[in-house]
Amino acid sequence: MPEPTKKDEMANGQPEVWSLGDGQGPDDLEKPIDSPPRSTLLIESPQSATIPVGGDITFVAKVEAKDLLRKPTIKWIKGKWMDLASKTGKHLQLKETFERLTKIHTFEMHIVKAKDNYAGNYRCEVTYKDKFDSCCFELEVKEAEGSQNFDIRSAFKRSSEGQEDAGELDFSGLLKHRNQREPKADEGPDVDVWEILKNARPDQYEKIAFMYGITDLRGLLKRMKKITRVEKKTEAFAKKLDPAYQADKGGKIRMVVDLADPTVELKWYKNGQEIRSSPNQRKYIFEHKGTQRIMVINNCSLNDDAAYSVAAGDENCATELFVKELPVKIVKNIEPVKTTVNERIELECEVSEEGAQVKWMKNGVEVPTGVRSRYRVKCEGTKHFLVIDDASREDTGTYSIMATGGTSEARIQVDLKPLKIFQDLQDMKVMLGQPINLHCEIFPGNVAGRWYRNGQLIQPNDRINIVHKNKVHRLEVATSTLHDTGDYTFVPEGYSQSLSAKIHIIDPPRVHLESLNFPDNTVTIVAGNKLRLEIPITGEPAPRVVWMKGERVILESGNRVRAETYGDQTSLTIDVTEREDTGNYKIVLQNEAGEATASVKVKVVDIPDPPEAPLVPVVGGDWCSMTWEPPKYDGSSPILGYYIERKKKQSSRWMRLNFDLIKETSFEPKKMIEGVPYEVRIFAVNAIGSSRPSEPSKAFTPLAVTSEPTMLVVDDVTDTTVTVKWRPPETIGAAGLDGYLVEYCVEGTDDWVVSNNELTEKTKFTITGLTPGTRILVRVKAINAAGASSPRTLQHHVMVKEVIEPPKIRVPRHLKQTYTRRVGEAVNLVVPFMGKPRPKVNWLKEGQPIEPTHVNIRNTDCDSIIFIRKAERSHSGKYEMTVQVENHVDTAILDIQVVDLPGPPQSVTIEDVWGGNVALVWTPPKDNGNAPITGYTIQKADKKTMEWFTCIEHYHRSCITITELVVGNEYFFRIFAENMCGLSETATQSKKSALIVKEGMQVKTHEFTDHDFMEAPKFTQPLINTFAIAGYNATLNCSVRANPRAKVVWMKNKITILDDPRYRMFSNQGVCTLEIRKPSPYDGGTYTCKAVNDLGEAQVDCKLEIKGGFTFFELMQRGVPLHLIDKYMNEKVVEPQK
C-alpha cells in the first residue's frame, strides 16, 4: 500500500485533527513538546527527540538527594500504562548512578537500534514517600526514504516474547493470546488494513487495530495523520466532522458539519446519548449557517472528553473530543502565623482556576479533613482556606498547599499563655478507707495537666477519678489505701511549674489470719517436722506484736519455740514439733491507733500406737478368723485402717496380706498351708503413717476336712442288705484321711443311723440288718483330724428288696464278625454281660462242651474270658456262650478262625511251548491254610544258572502263558500259593523244562563238555574307609563273585552282626550292602564282609568313623549297652588328651 502523502492535509481550509491523547493540537504535532516547569524532585527532565530508524538515543532524568534519606523510585512508562522495566533487553536498557559529591541521582533510558513502532509518548515518574513528580516527552522515529510499500500489521506490531527481539517496547504479551500463524516470506498482506482504517470511524480504530494484531495504536494514529483522506461523497453530508477535536479545560470548541440537503433533520450524540439543548443552560449551543450545522460546547471539562456523532437521516459521522487540563497555579501564597493556644487560625491561598483540586499538607503529611477532624477546609471561588478553631501546641509546624501547577508553604507557631496559680495543693492526713480529695486552681483554665504520686504518673480507674473543670483540677480517691501515702504533684501540661502536697494514711492494727487458708484457723502438722507460721499484719504506724500460749509469752530469743516480727508480717517457729505443742496460740497487736488480737490453734499429729496382740478364735483348712482392738492412742488423727501380716512360726519373714486398708477390726487370712503353724500381727494406719507392729498372736495350725466322697452308687441290694460303693474325696489335705462313716435314713424320718461304729478304710460297705420292703437313703462322710467332711448322699431312695435283672450279653464290636488269628498266636477274648443275681455262664463249641485242657475259660460277675495260649488250626470254629438267670437266658456266638500259610500247588505242567511263549497249568494246593487262596506267584529259572526270577505276582487263575522268553534258553518254572498269611513256604516246580527254539529251524544238538563254573568267593570291589555323620544313615558297599552262590556275613570288630534292628543287609546280583540306621559314635569301628561257599571263603575290611557325638543320656535312650557306652565315653576323653 503506498505511503500516504500530505497533499490533502488541508481540507476546506482547515487541517485535519488527529488527537493522540497527549493534549496537543494538530498544528503542534510536529513540534517538540515544551518541558514542564522543574518540579520539587526532578532537577533535570528528559526532553523530546527525533531519531532515524536504527538509531540510538538516551533519555536522562536527574533527582537531587540532599533532602532525601533514601533513593527515590523511578518508573519509565510508554503510552498510558506500559511499564518499561519489564521490557529491558536487546533494544532497551535502564541505568541508575549516584554522585556522592553532588548528591544527585541520575537515571538513564537507552534505546538501541530504534524501530518505527518505538515512536510515541513516554512518561518518567519519580516517587519518594509522599512526594511525586512526573515528566512527559515524545520520541519520533523517521523512516528511511524509498520505503513506500509495507505491511501495516508488521509495521505496528510489537515483537513477541521469547523471539529474537524479545525485550522491545511490546505490550501485546499482556493481552489475550491468539493463535499465531507462521508468516510467509514471499507473500504480501492478504488484507488491506489501510483501506479499512481510512473508511472507518475514529472510534473504531482501536477495535480494528486489535482485530488485526496492531498493538502500537499511538504510532498508527500518527501515520494515519499523514494519509491523504479522500472524502467519500455521501447523500446527506457535503462535509463531515473532523476526525478529532482538542480543547483546553474551561475553553470552547466548535464542531461544524456541512449538509448536502439543508432540510434533513440533524441530531447530535455524546457517547451514544442524544444531546438536547435547553434554554436554562448554555453548555451546548446549536447554530445554523446556510448548509453548515454547528455545535458549540462552552466551558469544556473533563466530562466532555468523549466520542461525539451527528446523524442526518440514515447517515452519520463521528469524531472525538480531547479535553486538555491546564495546570492550576498558585496566585496568592499562604502567610506565616504566630499565635497562642486556644486561638483561631485561618490560612488563605488563591489559585488560578475556580473549583481546582488542591491538597493541604502539614510537615509533608496530608491534613485530615474528616467530620471529626480539628481541621476545616473551605473554598470560595479561587480562594482556599484551612481553618483551625481551637489551636494547640501540636498545631505548630510547616503547612503547605499543593496544586497541579505549584506549591506554597508557611510556618505556624503556637505558644502557651502565662500560668497563674489561684489555689495551691494542701497537705492532708487521712484515715485508711476514707476518701481523698486534692484540688487546685490555675489559669488559663483550659490547660490540661498530669497528677503524680512519688514521681509515678497517676492513671484514672474505678477508684481514682481525675476532674478538670475550667480552672479547677481535682484528684479524687474513693477509698484510701496505705499505698496512697506519698508526695503528690500536679504538673500543668506545657509548663515547667508544678504544684505538690503530702498525704499521710493512718491505719489501726489488724491480723490477717485468712492468709493462712486453714479451716477454723487450725494448723495441723506432723510431729518431728518444723512449723513456721507467717501471718500478715497491717497497721500504721507499725504495731508491737506479742505471741502467747496460755499465760506464757513466747520470746524472740527462744530456742525451739520462738516468735519473730519483721516488716508487715509476724511468724511463729517451732523447730521440732512435739505432741505437747498442741494448743491455742494468741497474737496481740498494739499501736497508737488501737489494739487487735487473734488466736491460732496448732494440732500436732503423729503415728498411732501399735494395737494389742490379735486373737485367732477360728481356724480352717487354709484360713483363720482374727480380731483385735483399736490402739489406745490414735496420734490425734483418725485411724484409717489396718495392715495385717503373717509368717510361719519357724520363719522370720513376715508377709503382708492386704494392700488396701481394712476398716474393720476383724479379718480372715486365706491361702495358708495346712499343717503349718502360723502367727499374725497388726499395723494401725492414720493419715500420718503406719504404727509399729503389734505383738504376734499365739501360733495356730490350719487343718481342713476333706472334700466329700465322690461317685456314691448302689452296688447290690438284697432282702436285708444294701451294698454301696464310692470313690475317695478329690481333696484330702494335710490332715489325711482316717476313714469313712456310712449313715442311712429310713424314708419318712429325719434320723440318720450310723451303720459302722468303727471307721472303714474301704470304699465299699454293706449295710446289714435292714427290714425287707423299707426305703432308705444312704450317705457317706470322710473323717480326718479336722472333722467330718460334707456328706455325699444318694440321689434316690433304695428299696430293700432283691431285684431280678434279665441277663444280657454285650458282645464287643470286633467279635461280631469272624475273629481271625494266626497259628501260634494267643487268643484272649473278654465278653461282658449283665444280670442279677449272678448269672450262670456256659460255653459250647460246635454244640459240644469245650475241653478245659485246650481252652481256658474264666467267669466273673460281669464278664467271661476265653483264653488260648497258643492257637492251633483245630481251635477254629463257632463258640456259643449262654448266660442264664433263673428262667431268663441270653446267648451269643463267636466265630474264631485260626489261619496258617498255605501249601504249594499240587502239580505244575508245561502244556505247550511255541515261539518265546510257554503255557503252564497247575492244580490248587491241597492245604489252603484255613484261609482262601488269594493268588499265585510264578517264577522262572534258566537251566544254566538256576537263578529264579519272578514273572508275575498275585495271579488268581490256575493257568498262565509266560511270554518274552529268550530264544535258545531252557527254562524251569515254579509256583507259590498265597493266602492272607502270605506265600507258601515251598513252591512246586515243573518236572520238565521248556526249550525255546527259533521257529522254522531245526536245532542240531552237538555233544559238548559242560564248562565248570564252580568258583570260590572273590571280592571284585572291596570296602572303602568311610566317614559318617551321627544321626544320618550310612551304607557300606562291596561286590563278590562266587558259584555256587556264597553266604554273606557282616561283622563289626570281628563280632558277627545278627538280628540287630539298627542294621539292614542286602545282597543283589553279587552286590553286598550294609545300611546303618542313624549311627551314633559308638557305631564306629572296623567292619568286615565275609563270603563263604563250599569252595572257600573271602573277606574285606574297612574303617567307619562317626563324626558328632551323643551324651550319656542320649545313648541310654537309644538302648546302647552300658559296656559300649563306657568304652565310647573313655575313647572320647582320651582323644582330647592326644
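Heads up, the Cβ atoms here are built off N, Cα and C, so glycines get one too.
What TrEMBL says about this protein:
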- 1-38: region 'Disordered' (REGION)
- 1-10: compositional bias 'Basic and acidic residues' (COMPBIAS)
- 37-127: domain 'Ig-like' (DOMAIN)
- 327-413: domain 'Ig-like' (DOMAIN)
- 418-500: domain 'Ig-like' (DOMAIN)
- 509-603: domain 'Ig-like' (DOMAIN)
- 610-704: domain 'Fibronectin type-III' (DOMAIN)
- 708-803: domain 'Fibronectin type-III' (DOMAIN)
- 807-892: domain 'Ig-like' (DOMAIN)
- 904-1000: domain 'Fibronectin type-III' (DOMAIN)
- 1017-1105: domain 'Ig-like' (DOMAIN)
Using DSSP, break the domain 'Fibronectin type-III' (904-1000) down into helix, strand and coil residues and give each count.
0 helix, 51 strand, 46 coil
For the domain 'Ig-like' (418-500), what does DSSP give as the number of helix, strand and coil residues?
3 helix, 44 strand, 36 coil
I'm checking region-level scores; what's the whole-number mean pLDDT for the domain 'Ig-like' (509-603)?
87
Over the span of the domain 'Fibronectin type-III' (708-803), count residues by DSSP class, listing helix, strand and coil in order.
0 helix, 45 strand, 51 coil
For the domain 'Ig-like' (327-413), which stretch among 37-127, 610-704, 708-803, 807-892 has the most Cβ pairs under 8 A?
37-127
